[in-house]
């Protein structure tokens, strides 16, 4: 994508900061928000950033596998969000409802997700700050707190999906001997156990996440080989945009594919993870090199996640599409599957989720297929839970400067996620848990603008990015993606509202919530458009009440950017985004 090459200094466009950074107030020059924004060098209370990976020097080589290996890690941790139980469930429903016809949309959503992850990673590389930390410095107190709440909702919603997925995996592996509520409780203990891996060093932790991805690739790949889908139809569905004879259910699933792939909290995670590599941000060449290698690594990681998603879609497109509940129940009874009753329903239409999907595989292809599916779901749930914990840590520290220990953070998010989940598991059943998964997908989709808009705003501002600011092509693509996602969210809400009780109080509450939601989205979009050069928006009435209180001053990392490398630039010469912050 385009970059502005007109300046030689990567930090040109920053305000004057000739004072010793180590003596400065970390929030000097920031809006008066009655809260403390932490400096980059103290951004984490955890041990995750204690040891930064050194980048080997390989001379003037244009490409180095040694350097790529040194940069490998953050992209694969980020890609786990593309493989969480919510995504797996979206995949199997896509295959069972539309066969191979929505694979092209999965490919497109993954590509668009890569573009947004690229922006997130570039923000972290260029500034040395995570997306949450930049939000802390650039938004007023109320918008910042609202953003934090929205991201926390997304993290907790994702955590609940992972708890549900892991509990179902235990239920399948034990043939129902471990009840759902028992599986939910086990997820608490195993998460604390896995967090001990953090003590063994950053690279070992990243290797463990890679191992979990390998388990998913092996287990879902095994199902793919066993089912042996039609390769011609698969390639047609992947590269020919069509959906012949698709109805409302397929259309709704198409919307769900995009909402499931692009995860809001994942952008906050990726911008923080790239800080684990030691990059001299005063050297434009090193920054450009880091952006290059992180993009290659993210591309490889998302390609692997895309293949795993394709495995799942294809398995159910070939094996389940067109079958009735009666046919599957007959097959389950014949094979002696212990969960055959889930398909013994009066409605012949097949309702599928990660639980019934595993039962189906066991009925059609043997119990081994069901157990292997459960292992894959378990790996997806555990890996996503751990990355979600890191995301929560980075977000809380970035927005609020609350440097909790990770076990405290896990205890808080897990308590919120587990309480409603364990109540459903104890008093309802597995099918009610899967309905809860659907509701959580809607909630997650609604949070997307609160990641897309901030990351687009900051990466489009020369005051923040210097010469690494978004080019016009990237601005257009990212803006269109944001508009499409917001439109999809509104469609999703409209469809989901049809399932709500028909009562005036319900509609009033939903209308009020939608109005407040759109108001906040418009506020963020307004700042984003001004950052991209729409100066006429500053002339609208009451614009001053929407911007920050004092001129914006960016705090560069004291360990990565020395004072002599900062270009002095009077505030009146700042870009449009700097202007709206006056």
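Even glycines carry a Cβ here, placed using N, Cα and C.
What TrEMBL lists as region 'Disordered' is 1-34.
Annotation source TrEMBL lists compositional bias 'Basic and acidic residues' at 1-10.
According to TrEMBL, the compositional bias 'Polar residues' annotation covers 20-34.
Under the heading transmembrane segment, TrEMBL lists 97-115 (among others).
TrEMBL lists 145-172 (among others) with the feature transmembrane segment. Long-range contacts of the transmembrane segment (145-172) within the same chain, counting only residues at least 6 positions beyond its ends with a Cβ under 8 Å from a Cβ of the stretch, are 81, 84-86, 88, 132, 135, 139, 178-184, 186-187, 190, 263-265, 268, 339, 354-355, 358-359, 370-371, 373-375, 377-378, 380-382, 384-385, 388, 391-392, 395-396, 399-400, 413-414, 416-418, 420-421, 425, 430, 433-434, 436-437, 440-441, 443-444, 447, 450-451, 454, 520.
If you look up TrEMBL, you'll see 178-197 (among others) marked as transmembrane segment.
Annotated transmembrane segment per TrEMBL: 209-230 (among others), in sequence order.
Here the transmembrane segment (250-269) has long-range neighbours at 77-78, 81-82, 84, 86-87, 90, 93-94, 97-98, 101-102, 105-106, 109-110, 112-113, 116-117, 119-120, 130-132, 150-151, 154-155, 158, 243, 387-388, 390-391, 394-395, 398, 441-442, 444-445, 447-448, 450-452, 455, 484-485, 488-489, 491-492, 495, meaning same-chain residues at least 6 beyond its ends whose C-beta is under 8 angstroms from one of its own. If you look up TrEMBL, you'll see 250-269 (among others) marked as transmembrane segment.
Taken from TrEMBL, the feature transmembrane segment applies to 290-317 (among others).
As annotated by TrEMBL, transmembrane segment applies to 359-380 (among others).
Annotation comment: TrEMBL describes 411-431 (among others) as transmembrane segment.
Sequence annotations record features per position, and here TrEMBL assigns transmembrane segment to 451-469 (among others).
According to TrEMBL, the feature transmembrane segment maps to 476-498 (among others).
The transmembrane segment annotation in TrEMBL covers 504-529 (among others).
Counting only same-chain residues 6+ beyond the ends of the transmembrane segment (359-380), those with a CB under 8 A from a CB of the stretch are 83-85, 88, 162, 165-166, 168-170, 172-173, 212-213, 215-216, 219-220, 222-223, 226-227, 315-316, 319-320, 328, 331-332, 335, 337, 339-340, 342-343, 352. Residues 76-77, 79-80, 83, 100, 304-305, 307-308, 311-312, 314-315, 317-319, 361, 365, 369, 372-373, 375-376, 379-380, 382-383, 386-387 of the same chain, all 6+ positions outside the transmembrane segment (209-230), place their C-beta atoms under 8 angstroms from a C-beta of that stretch.
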